[in-house]
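These come from Swiss-Prot:
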type	residues	note
BINDING	Cys12, Cys96, Cys197	[4Fe-4S] cluster binding site
BINDING	His41, His74, His124, Ser225, Ser226, Asn227, Ser269	isopentenyl diphosphate binding site
BINDING	His41, His74, His124, Ser225, Ser226, Asn227, Ser269	dimethylallyl diphosphate binding site
BINDING	His41, His74, His124, Thr167, Ser225, Ser226, Asn227, Ser269	(2E)-4-hydroxy-3-methylbut-2-enyl diphosphate binding site
ACT_SITE	Glu126	active site, proton donor
Amino acid sequence: MNILLANPRGFCAGVDRAISIVERALELFSPPIYVRHEVVHNRYVVQNLKERGAVFVEELDQVPDDSIVIFSAHGVSQAVRAEAKRRGLKVFDATCPLVTKVHLQVARASRKGIECILIGHAGHPEVEGTMGQYDNSAGGVHLVESPEDVAKLVVKDPDNLCFVTQTTLSMDDTADVISSLQKKYPSIEGPRKDDICYATQNRQDAVRNVAEEVELFIVVGSKNSSNSNRLRELAQKKGTQAFLVDNADDVDATWFNGVERVAVTAGASAPEVLVKQVVDAIAKMAPSVVTEVEGQLEDTVFAVPAELR
């Protein structure tokens with residue numbers, strides 16, 4: 001069997017930074033260290049940090065007074081930041097800098113009273129944090145996921161609008177939504193550069209480049225990982241059977257019946273150790289040749305807060 005490994009895959013700079021922040025906090029301060037929401041959406045990573053003393057909570061009222069709390073890579077609303085400040089909690093912010101960039105765009109729109117439309121998935125923590133940057137009742141913030149949502153959208157002033165996007169969306173689907181917005185609201189303003197992050201784009205391009213060369217695509221990532229789900233969907237749209245797996249235990253031997261070429265990638269929050277385990281599990285089913293497929297090189301690094309260096 002030929003196993004093609006897509007590149008780039010796995011951890012991005014924002015995930016690396018977020019995990020490093022939790023690890024350094026655990027090293028420098030006594031556990032428990034509280035983390036609001038899963039620092040990244042990966043079961044393996046979260047369990048590893050739990051075993052080292054991290055305590056994951058969904059709300060700040062679960063964090064005792066005088067504690068250290070870390071905000072996840074997905075970001076938080078202004079209300080959460082204000083609550084942490086009011087309670088005097090020591091905060092380390094693991095929000096991805098590319099998410100922070102979107103937050104600043106929304107906050108700027110709020111200050112100017114410009115209605116803001118966010119393209120994203122309802123219920124995702126990044127979306128909740130981004131919408132929570134807007135607090136001007138003179139304008140408003142709206143969430144859309146599809147061209148159908150755009151068709152139903154009602155705004156106060158069609159000539160005073162901007163849009164931003166969640167960073168981990170499908171590039172193709174997002175382009176369709178943006179096109180619908182621009183047709184309905186010709187004067188709408190968007191970001192100077194696409195808000196979908198470089199790592200999301202690169203991993204989707206890697207899947208796009210390989211999908212039609214294989215009969216099966218395995219994406220390593222957790223079920224609640226937005227960017228991992230988009231990789232699986234993209235492979236399927238290319239006509240390739242694709243599955244999302246948390247680890248090697250999820251790999252089903254029946255998927256490989258009659259398959260000669262399989263590709264493997266990993267979402268931006270999945271560590272390489274899980275990819276290796278999946279490849280090893282596939283290789284046990286049949287003699288295999290593993291090939292690294294060339295892709296976009298990534299050298300972006302985001303520094304951790306100075307206090308944790």
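Here the Cβ of each residue, glycine as well, is placed from N, Cα and C on the backbone.
Everything Swiss-Prot records as a feature, shown here on the structure.
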{"residue": "Cys12", "record": "[4Fe-4S] cluster binding site", "Cβ contacts under 8 Å, 6 or more apart": "Cys197, Ala199, Ala268, Glu298, Thr300"}
{"residue": "His74", "record": "isopentenyl diphosphate binding site", "Cβ contacts under 8 Å, 6 or more apart": "His37, Thr95, Cys96, Val99, His124, Pro125, Glu126, Gly129"}
{"residue": "Thr167", "record": "(2E)-4-hydroxy-3-methylbut-2-enyl diphosphate binding site", "Cβ contacts under 8 Å, 6 or more apart": "Cys96, Leu98, Val99, Val102, Glu126, Asp195, Ile196, Cys197, Thr200"}
{"residue": "Ser225", "record": "isopentenyl diphosphate binding site", "Cβ contacts under 8 Å, 6 or more apart": "His41, Asn42, Gly267, Ala268, Ser269, Ala270"}
{"residue": "Ser226", "record": "isopentenyl diphosphate binding site", "Cβ contacts under 8 Å, 6 or more apart": "His41, His121, His124, Glu126, Gln166, Thr168, Leu169"}
{"residue": "Asn227", "record": "isopentenyl diphosphate binding site", "Cβ contacts under 8 Å, 6 or more apart": "Thr168, Ala199, Thr200, Arg203, Gly221, Gly267, Ala268, Ser269"}
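With respect to Cβ neighbours within 10 Å, the binding-site residues His41, His124 differ, and His124 shows the lowest count. Once the Cα atoms of His41, His74, His124, Ser225, Ser226, Asn227, Ser269, the listed binders of dimethylallyl diphosphate, are compared pairwise, the greatest separation found is 15 Å.
Apart from the site residues His41, His74, His124, Ser225, Ser226, Asn227, Ser269, the chain places the Cβ of Val40, Glu126, Thr168, Asn224, Ser228, Gly267, Ala268 no farther than 8 Å from the centroid of the site's Cβ atoms, the recorded isopentenyl diphosphate location. Excluding Cys12, Cys96, Cys197, which define the [4Fe-4S] cluster site, the same chain contributes Ala13, Gly14, Val15, Ala73, Pro97, Leu98, Val99, Thr167, Thr168, Tyr198, Ala199, Thr200, Ala268 within 8 Å (Cβ to the Cβ centroid), listed in sequence order. Around the Cβ of the residue listed as 'active site, proton donor', 26 further Cβ atoms fall within 10 Å across all displayed protein chains.
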